[in-house]
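Asker: As listed in TrEMBL for this protein:
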ACT_SITE  91  active site
ACT_SITE  164  active site
BINDING   88, 128, 177, 374, 378, 385  heme binding site
DOMAIN    44-432  domain 'Catalase core'
REGION    1-38  region 'Disordered'
Ligand code: HDE
């Protein structure tokens, strides 16, 4: 097939990306023969015939009708007509990257998985991040869960860890998943709203299903509006099993811990970014990798010995519960590094097929009923999305080990299987392919003992819906709590049906009375009391509704520090985006000093000016401009600096866009720095009355605003402030007109 052959003079891997600089691994080598570069090649048809005219179809006379025999036109248009495949039913919007995983030291004590044994061995990975509810073209900044799906191409076959950026889920049983997704997706009559949960059907469903209480606390928290995919945690959610070479099994929760800390944007900012740059997260991931700032996470595991299964006050099989890190610490066992952007979005990011059921020896499932249902769904969905049973042959999906079995044929089969036998047992094919025993690495399921009745029922151990929702709320910092209150007030404020709002207030009252009261205040509603209505409406026909009501329990832990983003590292400004506001007459020396210091710490610095092109500095130096006030916006940066220079300062102080830029940066709690000579610009802002009294380090760290007459010292203070990420305390007055 012509598409599988390298074009003449082609170079592998594709030139022009940092990818090319990265050493080969088993997966990049595997992808190379399928990667095509047209540099220096002639255009030809899919049948390999060179094309001389790609501008005109074949016609009967130059004004006449097109001819059916024009095989070049027909082929081109036909292929175009069939370019689209169905988008993912959930997680349609996403971005992905290649990378590698390395374990720090052998995990043989708990698992026999080969990729978790040798610290020298590098396992290639492909990771896709996503939102859940929106369509393929929707904004990256939706308030939503983020998918965090990792495909490990191990020497024992593919292991997919298909997780999210939140450690729990909305529902306990897979049978409710279509209902949940139907409720959150745009409403079916008018297909409104896109990529948003702030509408009646979602909250109608949630308010009838108290088991979702813990998860909605996470979704209403800032975790749902990450600053970057590179600054999110990841979680396997379910309890899985690890099994060692002796067959000893333990329970495990998987975590991903980002080395850049966990950070979010402000909700007002998120909504603005959705307009200014809906590809914000996609661009951020792409740019970081292209510029060699490879995103990194540590893989963490919480291991629970098999015999401790029932030692917790929640059920390990219940996916609406997490294991607090205070009870079982997260051991960091290895590092994931994303180091290469895909060459082709469709071929790789769109066609990658993850499946929670892709496991390798040493890892196994548990009876979590959500996990069990997922085991069916993921292959099934690829059959419609990728068109047939051979999707495992698509280059991005195939393992780095050869595949030998007796599965044959089907749509688009690529493999040419030799021989007469496609059955087992056989003698005509020498008995091949052989079965592998334990010694040869054959997979065998953990022989869990089960003695039970076949029954449609939920375990009583799944009925505590509020204690961990409360633990989560209690563990948040004050600003994080305020954001959760605001998020509920926003979302329920968009709900038209008052009964749904009220029902949700009743659920919130079970979690925290203060939370419920504040949301009720914002909605000007009362929390319904003295009602006989059951809280849980998700009840089988013949069941006693009373038996299905939540159990009111209190977690023995009052708070869990790991649940708050405020407690994650704030020690770096690497890859943070800093805007320098400048106009003609800017002080080039100050600008360059601060810029150099920021770059040295790994920040990304852009000059934003009234016009595109360049500004002419006080000393006549031409300073390139990256964005104008039309193409740049405060919401696209983490921090802003205003250098001195008499004319520049006068221009910016009188420029509404510059002043708006600063007001918005203040409103979104970002670090702001100015030369003392630029103070006039800050005086023109709304926050001029809140400028700090001095430039002591403690004052700057409290206010997030640094003003200094020495650019070197200013840079030092600014860097400390940017590393703090945001100064949420500023939000309290919430009266900034930007
Ligand atoms: Fe998924 N989910 N899911 N999910 N999921 C899909 O598979 C499903 C769940 C997650 O980047 C689909 O290939 C069911 C939990 C991610 O390609 C589909 C249930 C978690 C991705 C599907 C769940 C996830 C998906 C749609 C309840 C976190 C994107 C397209 C039983 C642990 C993977 C596809 C990517 C995608 C079904 C619940 C994570 C339909 C039935 C819990 C990250 O198969």
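Positions of Cβ are set from backbone N, Cα and C atoms, glycine also.
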Asker: Taking every residue in the domain 'Catalase core' (44-432), what is their average pLDDT?
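Answerer: A mean pLDDT of 98 is what the model gives the domain 'Catalase core' (44-432).
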Asker: Quick one: largest C-alpha distance among 88, 128, 177, 374, 378, 385, binding heme per the record, in angstrom?
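Answerer: Largest Cα to Cα distance for the heme-binding set is 21 Å.
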Asker: Quick check for the class: what is the C-alpha distance, in angstrom and rounded, between residue 91 (active site) and residue 177 (heme binding site)?
Answerer: 14
Asker: Quick one: pull the CA-CA distance for residue 88 (heme binding site) versus residue 164 (active site), whole Å only.
Answerer: 16
Asker: Which whole-number value in Å describes the distance between the Cα atoms of residue 128 (heme binding site) and residue 164 (active site)?
Answerer: 11
Asker: Ten-angstrom check, please: count other Cβ atoms within 10 Å of the Cβ of residue 164 (active site), all chains counted.
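Answerer: The answer is 24 other Cβ atoms.
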Asker: Rounded to a whole angstrom, what is the C-alpha distance between residue 177 (heme binding site) and residue 164 (active site)?
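Answerer: Just about 15 Å between their Cα atoms.
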Asker: Note down the number of other Cβ atoms within 10 Å of the Cβ of residue 91 (active site), including every protein chain shown.
Answerer: 22
Asker: For residue 374 (heme binding site), just count the other CB atoms lying within 10 A of its CB, please.
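Answerer: Other Cβ atoms within 10 Å of residue 374 (heme binding site): 20.
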Asker: Would you kindly give the Cα-Cα distance separating residue 164 (active site) and residue 385 (heme binding site), rounded to the nearest Å?
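Answerer: So the Cα of residue 164 (active site) lies 21 Å away from that of residue 385 (heme binding site).
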Asker: Using a 10 Å cut-off on Cβ-Cβ distances across all protein chains shown, tell me which of the binding-site residues (88, 128, 385) has the largest neighbour count.
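Answerer: The residue with the most neighbouring Cβ atoms within 10 Å is 128.
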